[in-house]
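A short write-up of the structure that comes next.
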Amino acid sequence: MLSKKGLRVLSQRAKHILESSCPAKCMSTAPEEEKYKVRGRNVLDVMKERPLVGDGGMVIALEKRGYVTAGNWTPEAVLEYPEAVRQLHREFLRAGSDVLQSFTFYAAEGKLKSSSTGKNYTVAEINQAGCDLVKEVAAEGDALTCGGLSPTPSYGQGKGKQAVQDEFRKQVEIYMEHDLDFMLAEFFATIEETEWAIEVMKASGKPCGATMRIGPTSDKSDVDSGECAVRMAAAGADLVGVNCSFGPVTSLKTIEKMKTSLDAAGLEPFLVMQPVAFHTGDCEHNKDGYHEVPEFPLALESRSITRWDARKYARAAYDLGVRYIGGCCGFEPYHIREIAEEVHTLLYFLRNFIIVHYCCVFYNTA
Ligand SMILES: [Zn+2]
C-alpha cells in the first residue's frame, strides 16, 4: 500500500503529466497514438512530459556481427556496410527507442587518423553517412535523432582547447547541416574535455547533453562524480549523466550522487543514463570500469544482464528522476524492448491513475 505521502507524490506526477500533455487541461487529450509522439518535437519538451527511451550500443553490437574492428571501435561501417548499420538502427526503433543516435562514435579527425584499420575516410564522409542513415531509419517510425561527440586523442596528447574544440566543431557542423534533433557528448573520462565539448554543442543552439563514463567515485582527473555533474550543468548541458564503463546497478549509484550534488547546487538538468549491459559490481571503483576486467572485450557474455535486469533498471532509473533511459555497450534491441515496455507500463499506470484520481475528486466534490 502507498503511504499518504506516496499518494500525494504520485498524484502530483500524474497531474504534471496531464497538464503537460493537454494544453486545455481537460481529460479529452489527443488520441492515444498522438499523445506520446516524439518526432518533430523538442527533446526537452518531451522529457517534461515523459521519460525517453534511448537506444543501445551500436559499436559493440556491430563488432559482434563482423562490421567493426575491436580495439579501434571506429564507425567506418556507415560507408562500407550501410545496410548493417541501417538494420541495427531499425531493430532499436522497433524495440521501442524514442531516440536513435547516429553511428558516429569516435568519428572526430584525430581518432579516425589514429585508427589502425588502414582506411582514409574523411570526417565529413563518415559523419554525413552516419547522419543520413539515422535520419532515414528514424523517419520509418517515431524517433528523435541525436549526434554524438566522443573523446579525442588530441586531448590526451595535450594539444589544447582550440585544437580539441576544432575537432568537435567539424562534427557539430555536420549534425547541424543534417538538422539532427539534439547532441550528446558521451564516453568522456575527464570533466575538462567534457566541458569543452559542451561549449561547442551549446554554441550551435540545439539542445545538448553530456554523459561521462565514470563511476560513483570520480573522473580520471579525480574530480568527484557529483562535482562533475554540477560542472556539466553549469557549462550548459541540458541533459547530464553517465554512459558506458559501468553496469546499471553501479551507474544508478553514480546518478544518485550526481542528483544530490545538482540539487545542492540548485541545478535541474534532465538526468540521462546509458550504462553497459554487464554486471560490474566487482569493478565499481575502477576508473575504467568494465574496460579493466579480464573478460573485456571478447569474453563478457557471463556478465550480461538479463531482460529482467533491464526492466528493473528502467524502473529504478525512473524512480530516481532519470528522464532519458537507454543503454551503451552490450545493450541489444531485446534489452531496449524491456526498457520501453517498463516505461509504457509506467505511463499506462499513470494515465489510469489520473482518471481514477480525477473521478474520485469529482465524486467527492460533486
Ligand atoms: Zn559503451
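Even glycines carry a Cβ here, placed using N, Cα and C.
Just so you know, TrEMBL annotations never went through curation; they're auto-generated.
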Which of C244, C283 belongs with C328, C329 in the Zn(2+) site listed by TrEMBL: C244
Integer mean pLDDT for the domain 'Hcy-binding' (40-343): 96
